[in-house]
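These come from TrEMBL:
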- B:34-55: transmembrane segment (TRANSMEM)
- B:62-81: transmembrane segment (TRANSMEM)
- B:87-107: transmembrane segment (TRANSMEM)
- B:114-133: transmembrane segment (TRANSMEM)
- B:153-180: transmembrane segment (TRANSMEM)
- B:201-224: transmembrane segment (TRANSMEM)
- B:230-250: transmembrane segment (TRANSMEM)
- B:257-275: transmembrane segment (TRANSMEM)
- B:281-303: transmembrane segment (TRANSMEM)
Amino acid sequence: MAVLALSDVSKSFGAVRALRGVSLKLEAGEAHALAGENGAGKSTLVKILSGVHRPDTGQILLNGSPVTFGGPADARHAGVAVIYQEPTLFPDLSIVENIFMGRQPRTRFGRIDRAAMAEQTGRLFAGLGVELDPEQAARGLSIADQQLVEIAKALSRDAKVLIMDEPTAALSGNEVARLFGVVKALREQGCAVLFISHRLDEIFELCQRVTTLRDGTPVAEDLIADITPDDLVRRMVGRDLDALYPKQDGVPGEVALEVHRLTREGVFTDVSFRVRRGEIVALAGLVGAGRTEVVRAIFGIDRQDAGWVEVGGRRLRPASPTAAMAAGLALVPEDRRQQGLVMDLSIDRNIALAGLAEVRRGPLISRAAEHARAQDWAVRLRLKFARLSDPVGVLSGGNQQKVVLAKWLARKPSVLIVDEPTRGIDVGTKAEVHRLLSELAVGGMAVLMVSSELPEVLGMADRVLVMHEGRLVAELPRASATEESVMSAATGRTAA
Amino acid sequence: MLVRRWESLILVLLVGVCVWAALGVDGFANTSNVSFLLLDTTEIALMALTMTFVIVAAEIDLSVASTLGLSCAVLGWLWNAGLGIELIMPICLLVGALCGAINGLLVTRLGLPSLAVTIGTFALYRGLAYVILGDQAVADLPAAYTSLATRPLVPLGLVAVLGVGAAVLLHATGLGRAVFAIGANQEAAFFSGIRVKRIKFWLFVAGGAMAALASLVFTFRYASARADNGVGLELAVVAAVLLGGVSIFGGRGSLPGVLMAVVLLGVVRNALILADVANEVLNFVTGLLLVASVLAPNLGALWRRRFTSQQEVS
């Protein structure tokens, strides 16, 4: 019998039907994947299982009998634990204190029983094979370690169902492997796991069963053993997908971006490279290798301690995004919600934000020019929207990313830097973004791409630069870049 | 959307209060009272213009009334020292701008929260005003200016001209867009090439200079330069800005709304005074309006959040 199941569940928000007739069974000892594009209803489903939302119709079944979750506390009490992409620990408390937050064991005299807490934590960590100091403060833990703490916290509550909502989005390869080791162990101990990820290879590695949602409706439930990744993609998008990495070969032209011995103490050291017009250069490496920090410094977000950046042969003033933009640089940042967009502003105003000088008539902003600029790029990027005056926050993740791209492409940059351009966006949009980047490069733009997804790096880049612990350790031309060569450089096993 | 609805609400409230006062309060509906009550809001209106920019940019300046006091003290001191008033006025404006610049530097260069900084300079500038002028009142100011300031059309004309200018600047220029973007998401604004620190610095400078301009109107209107001129006005200014629909968290608001709120507060005050309501009740009503204005938009936002946009939140 399923530990936790949904039976014919529907949920609407206003006029939007987020889920329609969804049934799902989570069995003990089984990892069940939930696949679907952004906006397919995965998050809503998680929120129903975790007690955040109540279904409009249908039932939640716990060990076969219907239950009502009045809130997240009820779900937690029933043994459902959710691990999010961004863990929510208290940074100033120790690991132990985080695990037992709100339900610390007491001694006979009513004081918090630190010894019991430490002992239980030790046992949990030993069971998980985790090596962390339980007395360490949560601040400074990597996201991967924080997730392990969250898992330990869930287990200390006797969780029977572990829901993981894109837990790997911010993890590096090793960290993913370690997380999967832990999850597999839990599965074998009889936990039911619901796993959500945009990375198909992870679904195929970890799970036995997959339910696919499309537009809130369940389209298929398959045993992983019976299908291929291509089958799964077809179920998610409902059509055959064009190649995910439609890379065309461009002709490299003159040097557009030159980075010379760029150093930011304690972050990255002596980074030098060039990007030519017409090529896509990928900056690969593990999370924390300093890739994002390098592109931030190039764009002038942070000040470097040494070295310089040249664009089109002219040296940039350090620490000035304005100067970088004037020279023809554009940066599509890593965190689109926090850095790429102003969520409260409308789509057209967001697109105009990086080019306020270009939508002016005299001293005043021209609404017409602003609208035309947005309209033009919305059509070119096939943006799905109701009105350009809607707040950008109502769009799905993939469409938000298109707005960020539109905002920067409208400036007609000579060098486009994209940091994790397809993180957290659905497969369909991903292929569109890849095609766009390829077309831009062929059209003569220099593209520098930071990506943690190896298939993306290998599929899109003309050259791959690999960083390890703040240094550039390898430069691999497209022909010799393989998963093995990039990973061994990224983990510091070879030096170039 | 919400902003527009809020402005309409303020307008309806304003009309309602005016109608009630005209019908029910003796001595409200005549030209001299109306012009007096409008004249009485001049300084608040002026300072509210720049305060709107500051709060939309998600900062705050609680030192404006103290800057006004310091500027008054400098005026009185220099007048006593025998300087010509035409020379003193630009000096006062410079002093105000300097006060704003100090706030701006502390906030943008040292990264201190503006609430803490301007609570500090709130005491500092007022203290300095007392140091300069002590408790004397300088009243022998040139009649040409004092009579100018009491002619309603002059100060109100000033408010009108600057108000239109500020509204255009905030709502129709790149600078205005940048201020909204900074208030809504400072990091995204910076990533878009907006010079966040520079703009914030100049907003504080403008706020200081505007407080000095308000001090000139104040001094001439009452024909008295004192160190305690305008004590407590900063709260009236912030109250008007928030009541006008500007979000205390930044990123939302409109200047027409703020100007209507200034008038609304002036009318309520005036009508209550005429109706012989005690001063304590007056403060209570102002406070109530302020709390309601901070609460209402947030209640609206909470309500909306419950029913929409749940799909995308992780």
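Residue numbers in this text run from 1 along the chain shown.
Every residue gets a Cβ built from N, Cα and C, even glycine.
Within the same chain, residues 38-39, 42, 45-46, 49-50, 52-53, 56-57, 189, 194, 199, 203, 217, 221, 251-252, 254-256, 259 sit at least 6 positions outside the transmembrane segment (B:153-180) and bring their C-beta atoms closer than 8 Å to a C-beta of that stretch. Most Cβ pairs under 8 A with the transmembrane segment (B:114-133) among the ranges B:34-55, B:62-81, B:230-250 are made by B:62-81. Per-stretch counts of Cβ pairs under 8 Å to the transmembrane segment (B:201-224) identify B:87-107 as the leading one among B:34-55, B:62-81, B:87-107, B:230-250. Long-range Cβ contacts of the transmembrane segment (B:230-250) within its own chain (Cβ-Cβ under 8 Å, at least 6 residues beyond either end) map to 3, 6-7, 10, 43-45, 47-48, 51-52, 55-66, 68-69, 72, 122, 126, 182-184, 214-215, 218, 257-262, 264-265, 286, 289-290, 293-294, 297. With a cut-off of 8 Å between Cβ atoms, the residues of this chain six or more beyond the transmembrane segment (B:87-107) that come close are 59, 61, 63, 67-68, 70-71, 74-75, 78-79, 113-114, 117-118, 121, 125, 200-213, 215-216.
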